[in-house]
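Some features that TrEMBL has for this protein:
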{"type": "DOMAIN", "residues": "A:17-79", "note": "domain 'RNA polymerase sigma-70 region 2'"}
{"type": "DOMAIN", "residues": "A:112-162", "note": "domain 'RNA polymerase sigma factor 70 region 4 type 2'"}
{"type": "DOMAIN", "residues": "A:180-279", "note": "domain 'DUF6596'"}
Amino acid sequence: MTGPTVEQAITRVHHEEWARVVAGLARRFGDLDVAEEATAEAFVAAAERWPREGVPSNPGGWLATTATRKGIDRLRRESQRDAKHQAARIVYDDTPPEPTGPVEDDRLRLVFTCCHPALAMEARVALTLRLLGGLTVPEIARAFLVQETTMARRITRAKAKIKAAHIPYRVPWADDIRERLAGVLAVVYLVFNEGYLAGEGDDPLRSDLTDEAIRLGRLLRALLPDDGEVAGLLALMLLTDARRLARVSRTGELVTLDEQDRGAWDRTLIAEGKALVRERLEAVAAGGDPPGRYQLQAAINAVHTDAPSARDTDWSTIVALYGRMVLLDPSPIVRLNRAVAVAEVDGPGVGLAEIDRLGEVLDGYHAFHAARADLLRRLGRGGESRAAYDRAIGLAGNPAERAYLTRRRDQLAG
Amino acid sequence: MPRYLLSVYGPAERTEFGTYPSQKAMLQAFADTGAFTERLQRDGHFVFADGLEPATTATTVDGQGEKSAFTDGPYLGTKEYLGGFWVIEAADLDVALALAAEGSKACRGTVEVRPFRTEESVRALLAP
């Protein structure tokens, strides 16, 4: 009876229940190591027993019970020398999660613990993928192109810091939550971007990472349904991911937005993303907080998906939205994106003049040279365009992007 | 309750007013630091605190060899030196970080927060 159905059930339950089981155990035992390892053991037990005994009627409950038992066994084994200490640990917190709404959800505490600002960004990403996403250490190592031992060490060190420095397993206080949530969203978006346009390596797309980021985004949305930026980030990821299939050609070349086959865009993801954008527009119109950067980026992507063809894109709205983003975040990369949109409205000359003002800070950034190359080409300045493409190709880490830039360069006349 | 060392780092270069730009600024920082320390005492966080003389007054001792070696100056040659510290008790790192931010503002210095070893961590160290 080891049919694909049991295997599929385990995969599904792993997706749905992993974070909940780890988070519940973390609360009960006050120890992330115990929580994670006991949960992993429970899934191993499920993989062994469910094909023989069938999938239990309440798989999540079965896993939580099994994992708790494994956790207690583990603590017993570990603390033989100190019975009193062990007893204290096991009764650490046996209360069921308080039914006071999603903000008390164990998984939310786990998110804020994994993304604590006292941890290095790379450690936050790794911990989040491990403890909330349930990815194995080798999977995370592969995704970020580091040695397995390096990744294992990174996770171990982060968990040791959480323990030794007493990083609390708690949702932050109300006045901190907004600030801390920004860090959580940054982690999720980083995972997404690494999957959507991998900075290094041979795979232009890593759908395992984009899928995982969207899953984390949906989880955050379920836990914090009233937060505009949570909705904005999920919408942004959905609308971006909807274009995934149209984004790389059969020959492995990046296809830019204006050349994409819009029929290949995923309409279901677009509908879901646009519904979130609409919800946020209504909330802002009803006097809610002004939109943050993820909501604005989602809105920009919604404008793109609204256009039946690239020609029909409402570029003035996009320029206006980027204008609002510049006010929130005047970073050179946001200004670069705005300048590219300005070129569509006011012509390549105006866009190029804006871009050239960013040269000093963005000289090491491939997208800066790629945008310049394109505008120079449209202005008929072939020699300068070629030089800019060369710079961009030299700096681009993603193979699909390099292939695209190389073709554009080689198409230049003369 | 967990204990943390909040160490204050400041530049090695000093004016006649220590690490402060003027006498007025120095006196204000002393007053703010004193007020912060009193607040730690009032709220039950305080264990011990003090300021240090400049790093140039330090002597480094190595007694590991047959004969002890004494060297003038601090152990590490850096641009920033430990200028003073608080030892506090706080429920968790978030509380300690919030206090460190207040202390940093009061004394006009950068603060490093480090947990002290606990019985539990020593036990883990001794575990086979």
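Each residue, glycine too, has its Cβ placed from N, Cα and C.
Unlike curated entries, TrEMBL annotations are predicted automatically.
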Secondary structure composition of the domain 'DUF6596' (A:180-279) [DSSP: H/G/I, E/B, coil]: 71 helix, 2 strand, 27 coil
The domain 'RNA polymerase sigma-70 region 2' (A:17-79): DSSP-derived helix, strand, coil residue counts: 55 helix, 0 strand, 8 coil
For the domain 'RNA polymerase sigma factor 70 region 4 type 2' (A:112-162), residues assigned helix / strand / coil by DSSP: 37 helix, 0 strand, 14 coil
Per-residue pLDDT averaged over the domain 'RNA polymerase sigma factor 70 region 4 type 2' (A:112-162), given as an integer: 92
